[in-house]
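See below for the structure under consideration.
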């Protein structure tokens, strides 16, 4: 196997552009599987951020549950056969082209697996599985290349809305609508993605003016007990309350069910920020690259961390802005105060 230094030094812009195009093609192929699937739960709570595998009043069983049973008796996180099929497709394709690169996927992750400096693909085959099962169209294929623990290429594709976000470190972030009509692939002679139809580069457009006028994306996650749930409720309540009641009275909170899509919407300036404690690297890595290349910032979901690792599990994403990012972050951190979640990097 090549050394990490050799692998990293071989990642020229042309190589990264070809790699990005390949990730786009793979994501669109995965999207075809998702669109043709009949989403029924394979099992419950097998996602890595689920607190327990079964409802506390139910006997331990490995019997697959129906959609109805899941809604009535199980925790809030599920995995479908399609998740596994999509990850297998992505992993097999990537391994055939980049056999020396490491791979971390949500469905095949094992405890103790860590992100190193070597080039690593970090994949969420279906970000928003609950949305997928319920027919809610905020569902994404998320594929990132992380090099030296830094998101370097990111592709996020929503097959239901045919919407694509992509980025290469130091070379901008792009949003493509009607992505299926664009034949972006590894044989494309023009690697400038901005030349494709329905594609625009993301960039800062206006200053941030603090929390009060902000539209903020949040997620409840599936850990709904103890200090993590208490912190969520405290932060959400403080953001929503009026100033006279000790709150910040933000314009709105939004919960889409997909961290990858939410962060990409922040990158596009459609939302001002995204905050969640409990996400995993595969939820955020690809969208992180898009966010930063658009001019946004990713900081710790706890106060004080301006440069969190990609596997931090606590994230505050703030949109591209001509001014006010630092002030916005500090005001949000002030809402958190001294409370903390139990999540953190391995």
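Glycine is no exception: its Cβ is also placed from the backbone N, Cα and C atoms.
For the Mg(2+) site, TrEMBL lists 124, 126, 127, 283; matching the candidates 106, 107, 163, 293 against that entry yields 106.
Ranges compared are 37-63, 64-90, and TrEMBL records region 'Disordered' for 37-63. According to DSSP, residue 106 (Mg(2+) binding site) sits in a coil region rather than a helix or strand. Each residue in 123, 125, 128, 129, 140, 142, 258, 259, 260, 280, 282 lies on the same chain as 106, 124, 126, 127, 283 and has a C-beta within 8 Å of the C-beta centroid of that Mg(2+) site, without being one of the site residues. Sparsest Cβ environment among the binding-site residues 124, 283 (other Cβ atoms counted within 10 Å): 283. Neighbour counts were taken as the number of other C-beta atoms within 10 angstroms of each residue's C-beta; across the binding-site residues 106, 127, the minimum falls on 106.
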